[in-house]
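The feature Zn(2+) binding site is assigned by Swiss-Prot to His79, Cys120, His137.
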Amino acid sequence: MGKFPSWVLVADWPPPPGVMALSTLRDGPGVSVAPFDRLNLGNCSGVAGDAPVCVERNRSRLVQMLGLPSVPHWLRQVHGVEVLRVDVLPQSIARVVEPTADAAVTSVAGAVLVILTADCLPVVLAAVDGSEIGVVHAGWRGLADDVLERTVAALRTSPECLQAWLGPAAGPQAYEVGVDVYAAFVERDSGAACAFSVTRPGHWYVDLYALARQRLMRAGLSAVSIYGGGLCTISDPQRFFSHRRDRRSGRFATLAWIGC
């Protein structure tokens, strides 16, 4: 699959045969200007605040410079739990309406799945034999509403034959939340309390990585098959966009595909 440029973070897992997973960094060869500099891949609807033409150009450059096997299946993410199954390759590079979903799965070689984030947790799932992949946008709302479990269930591979990579997200020493987030997890599962540490009355730091590991293991993955974590989008402004840190922020992409 070749060597990737410095503005790409390749998944730190034992890659399944033919599977590639990576996240882009903000300092890639994009055309966006501050505060979206440089490689902002955020929604062309303008949700991220960047000029749509800049996002379009950045997406085109991404495909060309990474030599992707096809145009990525961009999603309209809404912090929901809808899982899109991709059964065909895109027929052209023409812009199409992005389907509303927060996860996607495929077994089609050459189909590029993509998730956009800027603090939420991107998760890549793959069959250990390389036959199937999935990507998930797992913010706290999605995690609480079982988006990971739903994506595992949407895959045709048995959970014990899956592995996962947890991409860059807001870290457990920087992501402070209130009672609403704490209650969304702990009221349903007291074991989730270990992913929260008190900062001040009514506020906690939350460990999205720990919550995701709990959810994935509950869905049937083994602990040793879950990789990644340890990064923090909030505290690393040189590499990552962060909505929590900057408010007006771009989005980076986490992509996965099965080689043709």
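Glycine too: its Cβ is placed from the backbone N, Cα and C atoms.
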For His137 (Zn(2+) binding site), the three-state DSSP class is strand
Other C-beta atoms within 10 angstroms of the C-beta of His137 (Zn(2+) binding site) total 25
Here the 10 Å Cβ neighbour count for Cys120 (Zn(2+) binding site) comes out at 28
Residues sitting within 8 A of the centre of the His79, Cys120, His137 CB atoms (Zn(2+) site), not counting those, run Gln77, Asp102, Ile115, Thr117, Leu121, Ala138, Gly139, Arg141, Gly142, Val147
